Ligand code: DAS
């Protein structure tokens, strides 16, 4: 039997079949890029019993991916280390860097979806930011974990596997930025960290969008607000994010923080008030004074878990020319305000934006 380059013809035929089927299989699988930023999902503790005592942002992205060999069954995965930090340390500049990278990658035909591994502390901010500024219908999934990979019952491995499953699934397209944790698929717009030390930490006041179980997605609702391709904000046109600060108000609140924020050049102050974004009587004239100086005043509430700040209810927002953050918590209100102020400083336009996004 004649051979080719010394190898029996049958062997060569079998070799090329395997090679081509491998290529076909790779071509059949979605191409997912994992952008790593740090956090607990990349954390490491000293002992398996350390589920809450550990160092965040230690494990590199390639090790995270290699730690889950089953990923190769569901997608062609490659990783990029964008940052390696605990997410409470992220700055506006980091959001812009990450957003530009996501936007550039999603323009490529050989990228079908993106997973961002992230710290839990500001997942809700980053996910909302990307939901506002990335013009693509391809899946963008932010994933985190409440326990480091070194701990018993660590949640990061399954969270990351689920995130890649969702990011590679065409059914995930056009739903806005998603946050996948604890088998749930939440909207990056709605979700917040509501518990600071348990795996079921992330909740949306209006409910999750769906679930992911053993690599299969189950959808129950869609996000009603404008996002991604329907957004008027575009990361490719945003060069910087104006300074917006949050002042937390309780009983006995003083005007010190508000005046300090104005002094440092904040373009807007998020008033994180009790109840319906309530403003202490002693603070009203101060906020009116700051508004008169051109600083936007945005009333939000530090009461979480559903409901929204109602315009002109306990405060005459029309009269004072203030904006209400609607259902957004203070940290999400900051994200929307800084993105919106990159486009307009008109308070009526800002109010429209807070009602639509
Ligand atoms: N400090 C937290 C963060 O990086 C750790 C975590 O929970 O991811 O957000």
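In case you wondered, yes, glycine gets a Cβ from its N, Cα and C as well.
Here the structure is a predicted model, which means the values were calculated and not measured.
In TrEMBL this protein carries:
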| type | residues | note |
| --- | --- | --- |
| SIGNAL | 1-26 | signal peptide |
| DOMAIN | 31-221 | domain 'L-asparaginase N-terminal' |
| ACT_SITE | 40 | active site, O-isoaspartyl threonine intermediate |
| ACT_SITE | 40 | active site |
| BINDING | 87, 120, 121 | substrate binding site |
| DOMAIN | 244-354 | domain 'Asparaginase/glutaminase C-terminal' |
Counts by DSSP class (helix H/G/I, strand E/B, coil) across the domain 'Asparaginase/glutaminase C-terminal' (244-354): 40 helix, 19 strand, 52 coil
Neighbouring C-beta atoms (10 Å sphere around the C-beta of residue 120 (substrate binding site)): 23
Other residues, Cβ within 8 Å of 87, 120, 121 Cβ centroid (substrate site): 39, 40, 86, 88, 118, 119, 122, 123, 144, 193
Inter-residue C-alpha distance, residue 40 (active site, O-isoaspartyl threonine intermediate) and residue 121 (substrate binding site) (nearest angstrom): 10
Site with most surrounding Cβ atoms, counting all protein chains shown within 10 Å, from the recorded positions 40, 87: 40
Pairwise C-alpha maximum, in angstrom, for the residues (87, 120, 121) that bind substrate according to the record: 7
Local Cβ density at residue 121 (substrate binding site) - other Cβ atoms counted within 10 Å: 19
